[in-house]
Amino acid sequence: MGIDSAHLIAQTILQGFDAQYGRFLEVTSGAQQRFEQADWHAVQQAMKKRINLYDHHVGLVVEQLKCIHSAFGYDEEYIAKVKVVYTGLLPDYPRFEIAESFFNSVYCRLFEHRNLTPDKLFIFTSQPARRFRDIPRPLSRDFFPNDNLALMLRTILNDLPLRLPWENLERDIYYITDYLQQTFPVGELLQATFQIANELFYRNKAAWLVGKIRIGGQVYPFLLPIHHNESGGIFIDTCLTDYADASIVFGFARSYFMVYAPLPAALVEWLREILPAKSTSELYMAIGCQKHGKTEYYREYLAFITFSKEQLIIAPGVKGMVMLVFTSPSFDRVFKVIKDQFAPQKEVTQERVQECYRLVKEHDRVGRMADTQEFENFVIDKARISPELMEELQKEVPEKLEDLGDKILIKHLYMERRMTPLNIYMEQVEERKLKDVIEEYGNAIKQLAAANIFPGDMLFKNFGVTRHGRVVFYDYDEICYMTEVNFRDIPPPRYPEDELAGEPWYSVAPNDVFPEEFRHFLCTDSRIRRYFEEMHSDLFKADYWRALQERIRSGHVEDVFAYRRKQRFSQRTEIETYSIAKVSA
């Protein structure tokens, strides 16, 4: 096949990407209406639909290419020509970076993730100089207090596109003004510039106003989550200006935002200033471009191994019965490979484990489940693998290994953010932090349950602690929907000797769970038991879990807050009605 056919193939792939991103924007643009109508089930469906759009369109393009030329894929020289032609289509293309990832996905689908080399794939971007190009149209508007902060805030909020009444706009303006005046020097605040993104960021049951405050030579986040009340009005729930708070809002354990972004690279660069700790991959994922986020994720790994001389090692912590986990001492991610054989007590299959990871990808993670990136045929230099890890790989996952001489290929693995295992964290911290993390752990369980997720194995080793001190679940092999579980009370013993028997005196079905038992394997330490009884004793009662199930079955969708409850304006003690005169003071 000649150069004309290469043009045809390249154009077909790019047109397929155009179709995919057009549908992506179409689903995203419906976020405002779903929010205004408080159609939370439609929000969940749209989230799952948008995630699956990408693979669907990759499949459509692959079928087209097979029709164009059934032999396509067996001539490696020809594939390199197609990539050259495709690269030539990108210099003036507004979403070139994601178009490159789409090309990669089509290639991987055609060639079953084989021969992943830079001449056939965009391992690195073809146009690095354009990554930080000028934005063709402003992504935000500038607002100035001009000695009247409240008036400026009123203008910002009244300019929002939402077609819903405010519950009490003057109260909310007072709360925001008061918070800002307590956070920043008042004189500097009145001379600040507020840059407000043109588009709202939608997720779960909230619409987020995202902005920046330029003050005193510094730039701070300015985030306002907007929620519904029960009467159809809207209100501002809090104001966040701290980098750590903003990082949690855009965190890796949360669902992707719905934000209209025809130029995602421009939005990523705009966000970077208020999320300096976030990598490029995390920013793309946060705005819903998760497949390109995966491309950047891999590039960040390549950058790490290029500049680091560390070897990959077995990850610290208790070894898993289902997963072999490894990392590098200073790398912020871990690699997880499904073992060829599981421990006898694990009644799951490899297929079931992969289904669990897909469920987490598509479900609302409520800030409590780590996002993962799935890779096939992952190649690593043998020299970068420690002897202990190599031995473990050959022992636990030999069926997933392929020897390539000085390299080794792992047929399937996951990569996710590295955290401190909760059980290790609890052994190392002082009393105050121990109490805090027990509170966090219980909150994580409750928030997952409210989102219709039952973790299955609730042992501390299956949870991690982030750099912000949040507890996140990361072991998914026993995960299931809350509505699939039968929560039972333990029946009273028939005879005194029943309690001494090695086997239960009552029947147990596969989906039966007895919350009373949680106390025995979670509270072996008296300090932990005391904190659990103080803050989360309801987790040990079957009635609590059954009540949650009823709420889920009735269609109730819980609110999810990406910040501490004490930060909510509704927790303030001031009187809620204020005159405009006081607001403006």
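Cβ from N, Cα, C; glycine included.
Around ASP371 (active site), the same-chain residues six or more apart in sequence whose CB sits under 8 Å from its CB are PHE252, ALA253, MET285, GLN290, VAL360, LYS361, ARG365, GLU416, ARG417, listed in sequence order. According to Swiss-Prot, the active site annotation covers ASP371, on the basis of sequence analysis.
Taken from Swiss-Prot, the feature ATP binding site covers ALA315, PRO316, GLY317, VAL318, LYS319, GLY320, MET321, LYS336. Secondary structure from DSSP puts GLY320 (ATP binding site) in coil.
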> What three-state class does DSSP give ALA315 (ATP binding site)?
Replying inline: coil
> Looking at Cβ-Cβ distances, which residues of the chain lie under 8 angstroms from GLY320 (ATP binding site) while being 6 or more apart from it?
Replying inline: LYS339, ASP475
> Looking at the binding-site residues ALA315, VAL318, MET321, which sits with the largest number of other Cβ atoms within 10 Å of its Cβ?
Replying inline: ALA315
> Of all the Cα pairs drawn from ALA315, PRO316, GLY317, VAL318, LYS319, GLY320, MET321, LYS336, the residues the record ties to ATP, which distance is largest, in Å?
Replying inline: 15
> So how many other Cβ atoms are close to GLY317 (ATP binding site), meaning within 10 Å of its Cβ?
Replying inline: 16
> Pick from LYS319, LYS336: which of these binding-site residues has the biggest number of other Cβ atoms within 10 Å of its Cβ?
Replying inline: LYS336
>> Is it possible to get the count of other C-beta atoms within 10 angstroms of the C-beta of PRO316 (ATP binding site)?
In response: 13
> What three-state secondary structure does DSSP assign to LYS336 (ATP binding site)?
Replying inline: strand
